[in-house]
Amino acid sequence: MINNQTQEALYLDFDRARWAELRNSVPLTLSEADLTRLRGINERISLSEVTDIYLPLSRLLNLIVGARQQRGLVLNQFLGNKQPDSPYVISIAGSVAVGKSTTARILQALLKQWPEHPKVDLVTTDGFLYPLTELKRKGLLQRKGFPESYDTKMLIDFVSAVKSGAERVEVPLYSHIIYDRLPYERQVIQKPDILILEGLNVLQTGLDSPVDIRRPFVSDFVDFSIYVDADESLLKSWYIERFLQFRSSAFADENSYFRHYASLNDTQATETASQIWDGINGPNLRMNIQPTRERAHLILRKGADHLMNRVLLRK
């Protein structure tokens, strides 16, 4: 990570045991059945992980959102009129295979249990990837997941509309089976209390842009940002494990874009996944994703077996 002196200046550093103490009797509202539904492929997250890591985090976020709501009341009093309600936007960034989606789903399930903000929506940025035909036209198919492969204008228009209090905003849905947007399906967002936005590049700013530093970025609309972190050696091994599991699930689907991978043996599948990581996911991590890590308000650090072993919280 960053050097120790800079890290100490920017972050409060908690090991797992110290962080777990900050739960402060927040009740566990998820069952093992709930967790089975929420966890992703190749995730071994347990209820103890929820208790030790996610309950303290949900408590922190509840306090922060409450403070924002109080600030809104102060602003209304100062202006002499009620401003439109604006959702609190939480972004979750990190590498492919780090478990961002599982983190986002668990946080959504926990945050909606608090009576102060029961409506919590989750949107992934996958739906804002350019359609396959457009990626092929632009020569970006091998750069899918890199910043330039996203329809950034559509993404910014969406976040801006939600943040402005729009009554109804539609979001493109993405299918990992067909490896493309679903042309006739949309997710509808209707004035949530909290919006969780999960994706590879949601911490990016103009300093990182290969396109145009003058345009707004998703990070400009985010109130609290989380980065899920792990060593690249672990990330690559998790990606390969997930790829092997997909052979008998997603890849085996007759509509799968990657159906040709379903017949690979273990050696072939491992070699293929390793090549994909080395050619696409690894470079994207090092060039675009990891450099944004220290902009996050909170870093969740994973060790072996996907277990969080460290939490860094911005001072």
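For all residues, glycine too, the Cβ spot is worked out from N, Cα and C.
Taken straight from Swiss-Prot:
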- GLY94, SER95, VAL96, ALA97, VAL98, GLY99, LYS100, SER101: ATP binding site (BINDING)
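Counting other Cβ atoms within 10 Å of each Cβ, the lowest count among the binding-site residues GLY94, GLY99 belongs to GLY99.
The Cβ centroid of GLY94, SER95, VAL96, ALA97, VAL98, GLY99, LYS100, SER101 marks the ATP site; residues of that chain outside this set whose Cβ lies within 8 Å of it are VAL228, LEU235, given in sequence order.
Under DSSP, VAL98 (ATP binding site) is assigned to coil, being neither helix nor strand in the three-state scheme.
Using a 10 Å radius centred on the Cβ of ALA97 (ATP binding site) and all shown protein chains, the other Cβ atoms total 25. Neighbour density at the Cβ, taken as the number of other Cβ atoms within 10 Å, is lowest among the binding-site residues SER95, SER101 for SER101. Within the same chain, residues at least 6 positions away in sequence whose Cβ sits under 8 Å from that of LYS100 (ATP binding site) are ILE92, ALA93, GLY94, GLU198, GLY199, VAL228. Taking the Cβ of VAL98 (ATP binding site) as centre and 10 Å as the limit, one finds 25 other Cβ atoms among all the protein chains shown.
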